[in-house]
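Below is one structure, written out as C-alpha cells; the observations come after it.
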Amino acid sequence: MKLLRYGPSGQEKPGILDADGRIRDLSAHVPDLAGDVLSDAALARLRAIDPATLPLVSGEPRIGACVGRVGKFIGIGLNYADHAAEAGMPVPKEPVVFGKWTSSICGPNDGIDIPKGSVKTDWEVELGVVIGTTCKDVDEARALDYVAGYCVVNDVSEREWQIERGGQWDKGKGFDTFGPIGPWLVTRDEVPDPQRVDLWLEIDGHRYQNGNTRTMVFTVAQLVAYLSTCMTLQPGDVITTGTPPGVGMGIKPSPVFLKAGQTVRLGIDGLGEQLQSTRNAQ
C-alpha cells in the first residue's frame, strides 16, 4: 500500500492511493497514520479494504508528512562509504547517530526555509524507515519485522551549525523545514529488499545525487537492531538512514550550497518524489 496524509498543516487526514494513483480518504477507518495504526495487524485491516469503495479526494490537496505524531526522528550519518570520503571523514565502525527535532518535519513539497544568515544549507536524499511495532534489543535477522514501511526523506543540513560551531550535529540538522518526509508511506511488503533501491536528487534540474542503498555501510536491518539496543523504538519513529555522495559540501573544487529561489527535486524508486522551493526564513 501507498499511504499518505493530506490537507492543511496540522489538519491532515489519512489517505491511500488507488490503482490509478488517485487519493482515497481513509478517515472513516483510521484517525491518522500514527501509533498503533502502523502495526502489522492494523495495516492488514487497511489492506483488506477495496480502495475503490473509499471516497475520492478531489482537487490537488497539500500532501503532508506521511507519518503523524512522530516520536523520534533519528538520523544516521556517514552511512555510505563514498559520502564519508567526500565529507573528509573516516568510514564509521559503528553507526553515527544523531537526532533531528520533530519540529523540523514538514510535507514533501512544503518548501525549505534557509536559516537567517546561512550560506551553507545543504541537501541529502535518504531512505526513511518507519517503525510499526515497539522493539527493544531485537536481532538483526528479525529487525525488518518491526518496520511498517519506507519513505523519502530530505535530511536538509546547515553545515556551519553542524560542523563548524562545536557540539553535536543536531544543531545543524533540526531547523524548521529541515525534515521533509513523504509523499507516501510504502508498506514493507511492497519493498522486498530495502538494500536494492535507487535514490537521486536534483537542484534546478541538475542531477547531483545518484545512489543505491546497496552501498550502505550499515543495512536497514543492522540499523534497526543497533538502535533498539540503546533505545526503545516505538510505532511512528522515523529513521533516516544516510545519504549517498553528491551533497553540496563535497563538490570539488568549490562546495555548492542552496540559495533562495531554487528548486529541489528528489526521489526513491517506488517511494515517490519530493519537490521543494527554497526561500529565506522570515
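Glycine too: its Cβ is placed from the backbone N, Cα and C atoms.
Of the residues Asp82, Asp155, Asp170, Swiss-Prot places Asp155 in the same Mg(2+) site as Glu124, Glu126. Asp155 (Mg(2+) binding site) falls within neither a helix nor a strand when secondary structure is assigned with DSSP, and so counts as coil. The Mg(2+) site, placed at the center of the C-beta atoms of Glu124, Glu126, Asp155, has further neighbours from the same chain whose C-beta lies within 8 angstroms: Gly75, Trp123, Val125, Val153, Asn154, Val156, Ser157, Thr240, Gly242, Thr243.
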